[in-house]
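One structure is given below, encoded as structure tokens.
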């Protein structure tokens, strides 16, 4: 390499060691040990690396796609119950990614449409967890959006395009990667229109959002500003094809059960002609959700065009006490395993007796928050122990039973030293 630095007036004139341009011909010259590189060469190197990565991506695409049975088996490791919803999700996700791999048309020229998913189920039944677990298993970008924060374009709040913005952020603005992603829109029931008939006044956070979501969910070329900003209008917008993105919408749909019950009731008479049902005969919310029809969702407040964009509907049932006990200890990342791992870092074992698990599940049932309420119950029960344990010596085991859950006694501490144990018992 020839020495391209020479004296010029007050100092040396520096040259790029790669392309030979002087410091006056480029915007920036970065110095290393006896070498220099200009900003243009850095950009060129980045382009070369990007091309290399693109060559690697098709190899990944050629890997075998997990079958619906394999997807369902993975969901079983993390989500308890909801067998029908898992089966529906596994088939829908498999078909979606099979369509992406083989193109939108078959060899016969048949166009394959996109099937987005609507999850209906009570709070804490596992809607969000199912979507997260799916994305993690398939190793695709995943983002969550809250429908309650969305408004029509031009109003205070988030535009629907912000959803794609978040997805791009998750994959460092790699458009090709983002187009294979999954978007989960939570609280979709909260954007139902306020009345069954179209309103004269604008409903910017209800029907207006549904209208704005239509093209995005169905498939359109969304223009997203690079690196998130409208501060630089001269920047070129990124073009993202949303027809390749899988949209999963979820909501609790409180009150939908009454709409379904009204439709399925066989007795339409009034007075003596009306059908009388006992409390035992009345169906649970979960059972009613399995009978949901598009007309029920329209009556609830979703516009027909939006329901048409979500052809796959999966209903989740309420979790009973037995299912909550299983959630506490069976999944790979079960709560009892998580807290046991935390205690293990302090050098102590954590044991939950069978009656304690039942008491926790019973409390969660009373709160009507599903599996989401389990963590808050455990946090409250273990607070004092987690506060004191780091300052204590010789504690080898902490035992939790029903009386601890009910607030009648303190957790049992077992010490490695028998003298300390005797002192603790006193």
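Here the Cβ of each residue, glycine as well, is placed from N, Cα and C on the backbone.
Model, not experiment: these values are computed from the prediction.
Copied over from Swiss-Prot:
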- 16, 19, 38, 41: Zn(2+) binding site (BINDING)
- 122, 123, 124, 125, 126, 127, 128, 129: ATP binding site (BINDING)
- 4-57: domain 'ClpX-type ZB' (DOMAIN)
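Mean model confidence for the domain 'ClpX-type ZB' (4-57) is a pLDDT of 78. Taking the binding-site residues 16, 19, 38, 129 in turn, the residue surrounded by the fewest other Cβ atoms inside 10 Å of its Cβ turns out to be 19.
Sorted by the number of other CB atoms within 10 A, the binding-site residues 122, 126 start with 122, the lowest. Compared over the binding-site residues 125, 128, the count of CB atoms lying within 10 A of a residue's CB peaks at 125. A Cβ within 8 Å of the Cβ centre of 122, 123, 124, 125, 126, 127, 128, 129, the residues given for ATP, is found for these other residues of the same chain: 121, 250, 316, 370, 371, 372. Shown in sequence order, 17, 18, 20, 21, 26, 29, 36, 37, 39, 40 are the same-chain residues outside 16, 19, 38, 41 whose Cβ sits within 8 Å of the Cβ centre of the Zn(2+) site. Closest to residue 41 (Zn(2+) binding site) by Cα-Cα distance, out of the binding-site residues 123, 125, 126, 128, is 128.
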